[in-house]
Amino acid sequence: MALRRPMVAGNWKMNGTAQLAQELFTKFATKLQNDSAEVVLCPPSIFLESVRQQLDANKEALNGCLVRMGAQNLSQHDFGAYTGEVSGQMLKDSGCRYVIIGHSERRRMYGETSDIVAEKFAAAQKHGLTPILCVGESGPAREARRTFEVIAEELDVVIEKNGTMAFDNAIIAYEPLWAVGTGKSATPEQAQEVHAFIRKRLSEVSPYIGENIRILYGGSVTPSNAADLFAQPDVDGGLIGGASLNSTEFLSLCSIAMSA
């Protein structure tokens, strides 16, 4: 059985301050105990430099704990007249290791289709970034028992355009749309059922990828439900939204992942 290192990725969305970065690293330096889990901070692009400075300033204090930096989005284009966009190379130069791709808010609010998501996935890997690919179903889709159908479609487009082995350097985050930012989380059993489906789907085309890829759960994860979620055999950590803006709650989630 593969030993998949748990991950806790904090997606600040359009929130946060440079002060939050400093506060988080102050607590990381004194509270994070080991490298048994990987911690990723995904602030708005304007704060990437603040997070990078904190990473550099606290390198010794972190004592080998795995704290990385990620972005919330990138352009599928390398350069050009795309006002307001940020390329993969720019993110790489800023110190990012990860980038969130296909978040439900991007798909819903900005019209990102599965084809665009697949292009962004490729752009991330082209520039040495590891994509955190988000997939998930809406409330009506779940009620219609179309959860697996929706997730399979979102996965298959990326596989068709990038190949299965592209997932050797990728993370998947299952984020049920009906749980994102609602305070209503999937039960551990619901999360495990979908994570197992995703792993099986990838295993059918590559047993190695299916066994080794990390699959995060995202959708109203809090310190009160994280232990049960992270204890599921196919749940490898969490993509955290609101709780990532509270340094005490986020640190608690990191500690839970390290003990999972």
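Going from the start of the chain as shown, residues are counted 1 onward.
From the backbone N, Cα and C atoms, a Cβ is placed for every residue, glycine too.
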For the substrate site that Swiss-Prot describes with N11, W12, K13, G181, G241, G242, which of these is also annotated: S36, S203, S206, S220? S220
Looking only at N11, S220, which of these binding-site residues has the biggest number of Cβ atoms within 10 Å around its Cβ? N11
Which has the fewest other CB atoms in a 10 Å radius around its CB: G181, G241, G242, the listed binding-site residues? G181
What is the set of residues, excluding N11, W12, K13, G181, S220, G241, G242, whose C-beta falls within 8 angstroms of the centroid of the C-beta atoms at the substrate site? N15, V180, I240, A243, S244, L245
